[in-house]
Every structure is written in C-alpha cells, then in structure tokens.
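As given in Swiss-Prot:
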DOMAIN    1-185  domain 'KARI N-terminal Rossmann'
BINDING   Tyr24, Gly25, Ser26, Gln27, Arg47, Ser50, Ser52, Asp82, Glu83, Phe84, Gln85, Gly133  NADP(+) binding site
ACT_SITE  His107  active site
DOMAIN    186-336  domain 'KARI C-terminal knotted'
BINDING   Asp194, Glu198  Mg(2+) 1 binding site
BINDING   Asp194, Glu230, Glu234  Mg(2+) 2 binding site
BINDING   Ser255  substrate binding site
Amino acid sequence: MKIYYDEDANIEIIKGMNVSIIGYGSQGNAHANNLHESGVSVTVGLREGSSSWAKAEEAGLKVQTVADSVIQADLVMILAPDEFQKNIYETEIKPNLKTSAILAFAHGFNIHFEKIVPEATNSVIMIAPKGPGHTVRSTYTNGGGVPSLIAIYEDALSDEDYSAKDVALSYAKANGGTRAGVLETSFKEETETDLFGEQAVLCGGLTALIKAGFETLVEAGYSEEMAYFECLHETKLITDLIQEGGIANMHYSISNTAEYGDYVSGPKVITSDTKKAMKGILENIQSGKFADDFLNDCRQSNDGTGGPVMKSNREATKIHPIESVGAELRSKMKFLNSQKLVDKEIN
C-alpha cells in the first residue's frame with residue numbers, strides 16, 4: 001500500500017480554491033485553522049446564533065451562515081456531527097452548491113449508508129485524519145501531522161487539469177496529513193472499520209475494560225486512587241509504546257513479570273466469546289443497523305445533544321467513581337495541566 005507524503009501532493013490546488021468548512025467542533029476547528037495557516041481561503045459555515053461563531057472569528061477566520069458560505073465555495077468540507085449532516089445538506093448546502101463544487105467529508109458515514117446522495121456533477125471525496133480534531137490541530141501547530149486517509153466516491157473533474165484524488169491529497173497536505181503519511185481507501189472500508197474500531201476497541205472496548213478493572217479492585221478493598229492509577233492513568237504509557245513500535249515493542253519495554261502476566265491472563269479477559277461479540281458488532285455496522293439505531297436515538301433529542309440512549313449513558317459515565325477520583329488526582333498532576341489537548345474555551 002502506497003503512503004503519500006508532502007512531495008506527493010500539490011498544495012497549490014487547494015490554495016486556488018474557496019473552501020467552506022461546515023461546522024466548528026473538534027474537527028472543524030482543526031481543519032479550518034490548519035488550512036487557513038497553510039494559505040487556503042477558508043470560510044467557516046455555521047448556523048445563525050451558533051456558540052462557535054465568536055470562537056471562529058476570534059481565531060481570525062471568516063464566518064458566514066452555511067448557505068452563504070457554500071454559494072461561492074469550490075470545495076465544501078462537511079464537518080458537522082454525523083446526525084446533522086443530512087438535514088444541513090438537504091436544506092442549506094444542496095440548494096446553494098455550485099454545479100462543479102466538490103463535496104468533502106472526514107468520515108464516510110452519510111455517503112456510505114446513503115443518507116446523503118449527492119448530484120452526479122459534484123465530485124465526492126474524503127480526507128479523514130486518524131485522530132481527534134484536538135490532536136490534528138496540536139500536531140499541526142507543533143510542525144507535525146496526523147496520519148490521514150483519502151477516498152474518492154465520485155470524480156466529476158474531467159474538465160480540470162487535476163483529479164479528485166489530487167484535490168484530496170492537496171487538502172490533506174494543507175491539513176498537515178502528508179507530514180505524517182496518507183493512505184488511500186474507500187468510503188465503505190473507512191466507514192465500517194472506523195466504526196468497528198471505535199466501538200469494539202478504542203472507545204467502547206477500552207472504556208468498558210478500564211471501568212471493569214477499576215471496579216474489580218475497589219470491590220476487593222483496594223483504594224480508588226490506586227485502582228485509578230493502575231487501570232486508567234497507565235493506559236497512555238502502554239499505548240504510547242504500542243503505537244511507537246507494536247505490541248512486541250511494548251513487551252520489550254515492560255518487566256518480565258508484566259509480560260508473563262500479559263500472556264497468561266489476557267486471554268482470560270478477552271475470550272472466544274469476546275471475539276464472537278465483536279463479530280456481532282461488525283455485522284450490525286455492515287448491515288446499517290448501527291447507523292439506523294444511532295440516528296433514531298438522535299431523532300428523539302429535544303435539544304440536539306443526544307437521544308435517550310446517549311444521554312443516559314453519558315450521565316452514568318459522569319457519576320462513575322472513576323471520574324471523581326480521576327478529577328481530583330489530575331488536579332494535583334501539574335504536568336498534565338501544562339498543555340491540554342482539549343481546551344473547551346477555544347475548541
């Protein structure tokens with residue numbers, strides 16, 4: 001599989017376009033500011049009254065309503081939350097989109113599951129940084145980048161001197177992606193593997209494992225503080241080693257005792273039943289059931305902040321003992337407070 005770097009992308013392509021970034025959340029903030037600082041003409045499209053309007057203006061960005069930002073755009077990057085994208089596209093983007101404009105996404109959810117069906121005259125591409133927006137922004141400002149994926153769903157640029165893939169690479173370069181490396185995939189592959197990774201391993205699997213470990217120690221009489229350190233705080237130390245050089249690299253770095261414990265106890269936690277459950281999760285994603293369940297839950301929201309399933313679980317997480325003991329311990333760790341990835345005042 002080819003990996004594309006800075007020398008493989010022509011940043012002048014995206015610098016010659018008017019780019020509309022729809023949304024100013026974690027990813028929208030990163031993309032808009034990174035492209036702006038790369039010399040791209042960027043307009044942030046937001047709904048009137050959005051709390052993000054002032055934040056974007058304070059960052060030195062041009063801000064307009066979604067409809068107004070789209071009218072003159074050559075490329076529209078839709079970075080609003082997945083559950084809002086279809087309505088925004090149908091009501092504000094589609095009626096104002098230039099015939100030849102390029103639609104871009106950072107996740108294939110709405111295209112792959114056919115919630116958004118673009119016109120045939122619009123090229124459809126994906127530039128998907130493989131990291132949270134806060135990381136995309138912080139690595140860019142530090143001179144680095146986050147590995148990214150690109151995908152082409154529709155290339156309608158037959159009259160141009162460049163292809164939709166050239167545009168995707170150019171955008172990725174302006175966003176810092178080619179500093180780290182860019183891989184090409186498909187909307188289907190990105191969507192299904194991304195959702196599976198989030199649910200079974202990175203978010204759902206990991207947080208459930210952390211909480212179960214914490215609860216096991218506390219229920220056995222150990223202090224919440226020690227349980228927090230052993231089951232949550234140290235995860236970064238281990239995942240950094242894995243990310244750097246793989247699982248064997250982590251094994252090389254840890255003690256023989258820890259390595260032996262990995263081999264004999266890990267399979268008792270992650271069993272054949274766990275893998276069977278993972279396959280069920282993947283099947284729900286592939287069939288579109290997860291997408292429909294998620295969107296149905298969102299439709300029951302009165303304020304746009306999540307439906308009953310989302311809200312009940314979000315509140316349960318907030319009151320879990322690991323959150324309160326963690327907040328107290330982190331407040332005493334000065335090294336954690338020096339450079340935060342998430343600053344809710346600006347992103």
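Each position is counted from 1, following the chain as shown.
Just so it is clear, glycine is given a Cβ too, placed from its N, Cα and C backbone atoms.
Feature annotations (Swiss-Prot) mapped to structure.
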{"residue": "Tyr24", "record": "NADP(+) binding site", "contacts (Cβ under 8 Å, 6+ apart)": "Ala32, Val44, Leu46, Ser50, Ser52, Trp53, Lys55, Ala56"}
{"residue": "Arg47", "record": "NADP(+) binding site", "contacts (Cβ under 8 Å, 6+ apart)": "Thr65, Val66"}
{"residue": "Gln85", "record": "NADP(+) binding site", "contacts (Cβ under 8 Å, 6+ apart)": "Ile78, Phe109, Asn110, Lys115, Ile116"}
{"residue": "Asp194", "record": "Mg(2+) 1 binding site", "contacts (Cβ under 8 Å, 6+ apart)": "His107, Gly108, Ala128"}
{"residue": "Glu198", "record": "Mg(2+) 1 binding site", "contacts (Cβ under 8 Å, 6+ apart)": "Gly204"}
{"residue": "Glu230", "record": "Mg(2+) 2 binding site", "contacts (Cβ under 8 Å, 6+ apart)": "Gly213, Leu217"}
{"residue": "Glu234", "record": "Mg(2+) 2 binding site", "contacts (Cβ under 8 Å, 6+ apart)": "none"}
{"residue": "Ser255", "record": "substrate binding site", "contacts (Cβ under 8 Å, 6+ apart)": "none"}
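The predicted model assigns the domain 'KARI N-terminal Rossmann' (1-185) a mean pLDDT of 97. Counted within 10 Å of its Cβ, the other Cβ atoms near the residue listed as 'active site' come to 20, all protein chains included. Other C-beta atoms found within 10 angstroms of the C-beta of Ser26 (NADP(+) binding site) number 18, with every protein chain shown included.
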